[in-house]
Ligand code: THU
């Protein structure tokens, strides 16, 4: 037996104002997308904004359904939209913001496990890393330079 230690790196910013202006703008776009979420069941709204290397910005928000599993998270709504609309473009950054209609979300909200798997597919496809910035409604912002920091030991197409 050999132990295997897996390390992930993150940066923590005290507030969104500490980020470069372009990322602040992307987070603002994520917040605008968040406010368009359709989340009558969870009362938890998430917005995502992706910047692409063709200067396009693509957004998504969570879309819920009376049949609960049929809903989709903001991150997957956004990345599938990017893949469908701009299949040749590379995704450079993702900004994510989450807000509860019941309480103030002050801690950064990372993408769920299923979204991490969906996101890493595009990192593998485009062969360049995607930076992820995530926050709650207010407070600290966390950054990962790659989806792989959020999802070590990825399942990828090379095993198929
Ligand atoms: N949600 C997201 O949009 N992204 C995540 O990464 C986690 C959860 C949504 C799904 C559901 O509509 C609501 O938040 C509560 O789970």
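Easy rule for this one: first residue shown is 1, then count along the chain.
The backbone N, Cα and C atoms fix where each Cβ goes, and this holds for glycine too.
Now, the feature entries from TrEMBL:
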DOMAIN    21-149  domain 'CMP/dCMP-type deaminase'
BINDING   62, 63, 64, 65, 66, 67, 68  substrate binding site
BINDING   73, 112, 115  Zn(2+) binding site
ACT_SITE  75  active site, proton donor
Limited to the domain 'CMP/dCMP-type deaminase' (21-149), I'd like the whole-number average of pLDDT.
98
Taking just the CA atoms, what is the gap between residue 65 (substrate binding site) and residue 115 (Zn(2+) binding site) in Å?
18
I'd like to confirm something. Which of the binding-site residues, 62, 63, 64, 66, 68, has a Cα closest to the Cα of residue 75 (active site, proton donor)?
62
Distance between residue 112 (Zn(2+) binding site) and residue 62 (substrate binding site) at the Cα atoms, whole Å?
12
Residues flanking the Zn(2+) site, with Cβ no more than 8 Å from the Cβ centroid of 73, 112, 115 and excluding those residues themselves:
74, 75, 76, 111, 113, 114, 116, 118
Sequence-distant neighbours of residue 115 (Zn(2+) binding site) in its chain (C-beta under 8 A, six or more apart):
73, 75, 76
Cβ under 6 Å from ligand 1: which of the binding-site residues 62, 63, 66, 68 qualify?
62
Could you check the binding-site residues 62, 63, 65 and say which one's CB has the fewest neighbouring CB atoms inside 10 Å?
65
I'd like to know which of these binding-site residues, 66, 73, 112, is least surrounded, judged by other CB atoms within 10 A.
66
